[in-house]
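Pulled these from TrEMBL:
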- B:1-21: region 'Disordered' (REGION)
- B:1-19: compositional bias 'Low complexity' (COMPBIAS)
- B:33-58: transmembrane segment (TRANSMEM)
- B:89-279: domain 'ABC transmembrane type-1' (DOMAIN)
- B:93-115: transmembrane segment (TRANSMEM)
- B:127-149: transmembrane segment (TRANSMEM)
- B:155-176: transmembrane segment (TRANSMEM)
- B:201-226: transmembrane segment (TRANSMEM)
- B:260-281: transmembrane segment (TRANSMEM)
Amino acid sequence: MSTDTAQDTLDSTPAREEESRGSELTLDQVSKSFGDFHAVKPLDLTVPAGEFFALLGPSGCGKTTTLRMVAGLEKPTGGHIRIGGTEVTALPPFKRPVNTVFQSYALFPHMSVKENVAFGLRRRKVRNWKAQADEFLDLVELGHLADRKPAQLSGGQQQRVALARALVNQPEILLLDEPLGALDMKLRRQMQSELKRIQTEVGLTFIHVTHDQEEAMTMADTVAVMNAGRIEQMGAPEDLYDLPRTAFVANFLGRSNLMSGTVTGTGSGADGLLEVETSGHRLLLDASRAVSTTGDVLLGVRPEKIALRPAGTRAGGQPVVVGTSGVVNEVDGTVTDVSFTGVSTEYRVDVPGLGELGVFAQNRDGTRIRPGDPVELTWDPARAFGLDGAEDAAAGEGAA
Amino acid sequence: MSSQTRQRSQTSPSTSVRPDSGGARFGRILGRWAIPVLGGLAFVYLLVPIVYIFVFSFNQPARTNLTWRGFTWENWQNPCGAPGVCESVQRSLQIGLTATAIALVLGTLLAYGLARYAFRFRDAAGFLIFLPLATPEVVLGASLLALFLNVGMQLGFWSVVLAHVMFCMSFVVVTIRSRVATLDPRLEEAGRDLYGSPFQVFLRVTLPQLVPGILAAGLLSFAMSFDDFIITNFNSGTLETFPKFVYVAAARGIPAEANVIGSAMFLIALLVVVVMQIVSWQRRRRLMSAR
Amino acid sequence: MSAGTETRALARVAQAQAASPQPGEGGSRRRRKTNAVTEPEGRRGKAGYGLVSPGLIYLLLFFILPVFTLLATSLYVKPPGADVGQFAPALEFGNYAVVLGGYWTELLRSFWFALLATVLCLVIGYPMAYLIAVRLRGHAFLQGLLLVLLIAPFFTSFVLRTQAWKQILADQGFVVQTLKTLNLMPDGASLTTTSVAVVAGLTYNFLPFMVLPIYANLQGLDSRLLEAGQDLYANGVTTFRTVTFPMSMPGVLAGTLLTFIPASGDFVNAAILGNNRNTTMIGQVIESKFMRVLDYPGAAALSFILMVAILILVTLYVRRFGTRDLV
């Protein structure tokens, strides 16, 4: 293939985007059990056509099983799967308009790169399989390695071959099973933007399974956090991060300080504020950001949403944080641990009654705070969130 | 123990602290040389009769081949000189190839099915395949003969092939099954995901990867069949295979031509295995260097 | 024994290897269940039955059915006035008493010879396996060469090799003549037609059976364990006794079984190298009853006794030294 035709094919890719060949995926009460073990509990899910959708969760949460059921590699115990409105639940994998980029790639070791890419085309008896395979090898910039065997490629190159091998079939939905898991950090970042570029270029529906929350948030339009066989919460990455609805999401997606307390009334003066009594402290919380507005609650606040300053500085100056509602939460504590990470500093602050809170502070000025120093913490009630008080405050911590 | 290990023991505190007495030095020398010397002697023991067979394949012909009379190329130039030798070799080759072909087909399918599909009798089936391997050959031969006699089957080429397929197949299954177990099931899933029907996936993804295992199983299955005497002796009737020819000829003196055949088989086997090793070694090196 | 049985050793080695890394069956099965999310269980379906049934039916027809025919034949009786080799179906359990009474010495001798050969194979074979698997680690070419030399004799007819031993050790042969010239052997004595020759022949023929499984086992042995043993002030012998040998027990177990089972049923070594009333093994009796005397019920009964005796001995042995207790 000459360079001209390679250029043509690259030019032609945006045209595909307009067609938007991606399809909508619908899961209707889909479940899967292995013996007594319920890997996936009845699940309803709709992924709009052309979306980059991430299924995020710790290992064993059922995300891979869900993906395998969409691919047809696993038969659901119950429920229906529809692709673009067509029922596919009973179809074997080779009859579904779906292709997969497998974990650790699953490239055929006895075939060359080109034969790998052409495999699906040849099974479907596509006449110009040679040209199409070349075209997609160029799309992933591996045209010059077409005759190599997979064992002769680096991890990143193998990953691209796996991608080309799936994309060349122009599936309606592309499934990615931890596609970047085997790559090192640097390559992973590079491939993340690469994948995102390709997805915009080909306009397919991507369903990406990962346990890496950063990866999911960077790439996906919508993230569904899965835990123990069910989806805990779903939404745009920013929304999930800003307003987690369960302790698991709060802890698994980023970090959170969760304090248990009881709602004692609406806040004094301002409307829409809840007053939460937590072992001696009276803290405020935006009622619209709470899962329940009565009884026991878990009050949560992200570490970077807390402002920290040396004790006593307020007396001489202005309050540093003035909440959107005009009020702030204030507590006093003592620094127990400081870790400097360059752009920011991570503090652990012991607050009597509340326990240890984590605080992230940008290193904007030269303030040096050391362990043992008394400090004041403030945060905006409109940046905090409230969860069901019956939940385990440690759920999802360290699970990845 | 690798040379690395030995170096480590020399520099480790145990040797530097303890006084290096004469006894300890003797012990270390013994420890270093005992294994290579004993192992080497054992290999000599293993190869003595082969060398003997090879040397006596050049012996000048006479009624028997017991004493050395002088060197000649004659036996190698005309290995079919003794009556019956080449006929028996040809028959053994035919039986070996037929039995191996059948055992490979049945065994590969069985091994693949057992490794990849779940069904109720899987453990029992595994035990059934293992049993012939744990039964003395006399019993295998005798029980098959009992069956053939009871159903009135004519003893000959096919009764021998049937018997050989039985024990070759168990071997093929065990070899290939362990190889199927090492295959990544994701490769087959990728094949199905890429529009391959189950049959196409087996043919184009699974089978090519099993080829080294199938080759090895086939080679050894052939060797087993070619060299089997005990089971063949029970089930061949008047049919004469090469091992049977040698066993019967032993009474009146084995002709030097039989030594030629035995030596040639050894050399061919040696050559085949060495070539296979070199090929795989080169392929590995090429893969390493291209990376 | 034959290359047939010899190469079957390889199969058993392969199986031992496949089975050995798992600590216990119960554990691995449970693990598989929880791993179901990422590692699919075997597929279910008619295709599976289609793949396995031809082979399994073959084994049922030509292994299980013959064993039952053998059992039935062992109970046949000779009707009055019947020709040689003619028998009628019956349930004559007395056949077993008759052959046991007549051949218990041969049966015991077979097990005794097989036991001696097994012990000798272990003593000779362990250094060979250790040499290839541990000492030559990293020297791929030498390892390969020795492995080939271990396996290649399978391709020379084993009858021919056993016959070669007979001629090497014959009275007019070089070895006996030299020993007699040096006065290391009395004039009238010979090496062949003795129990020593039969046991030596068995040892020779079954040696690869012992070496291959031990080799397979030692090959997987982590050399860091040996280094750790030495680092903890154990000398070579102590390291071997406390680390290497116990770790290689599964290989030793497989090797001893692979040597003992076929050796106890062998008749070729006894026939070629012994050929003497005091060296007769049970395999010879079965062969001659089946092939020459045409006493089918007697031969079948002896075969069955041999099979059951081996099964009992092997079960006891595995119970006592089973890998599960040792690893």
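Cβ atoms here come from the backbone N, Cα and C positions, even for glycine.
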Tell me whether the transmembrane segment (B:260-281) sits in contact with the transmembrane segment (B:33-58), defined here as at least 3 Cβ pairs under 8 Å among residues 6 or more apart in sequence.
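Counting Cβ pairs under 8 Å, at least 3, so yes.
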Should anything in the same chain at least six residues away from the transmembrane segment (B:33-58) have a Cβ under 8 Å from its Cβ atoms, list it; otherwise answer none.
65, 68, 71-73, 75-76, 256, 259-260, 262-263, 266
Which sequence positions outside the transmembrane segment (B:155-176), separated from its termini by at least 6 residues, show Cβ-Cβ distances below 8 Å to it?
91, 94-96, 98-100, 102-104, 106-108, 110-112, 114, 129-133, 137, 140-141, 144, 148, 210, 213-214, 216-218, 220-221, 224-225, 228, 231-232, 234-239, 241
Please report, as numbers and ranges, the same-chain residues at least 6 past the borders of the transmembrane segment (B:93-115) whose CB is under 8 Å from any CB of it.
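Hits for the transmembrane segment (B:93-115): 122, 125-126, 129, 157, 160-161, 164-165, 168-177, 179-181, 202, 206, 210, 214, 217-218, 221-223, 225-226, 241.
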Quick test of the contact rule: Cβ under 8 Å, at least six residues beyond the ends. What residues does that give for the transmembrane segment (B:201-226)?
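The answer is 92-93, 95-97, 99-100, 103-104, 107-108, 112, 164, 167-168, 171-172, 175-176, 179-180, 183, 187-188, 190-192, 242, 265, 269, 272, 276, 280.
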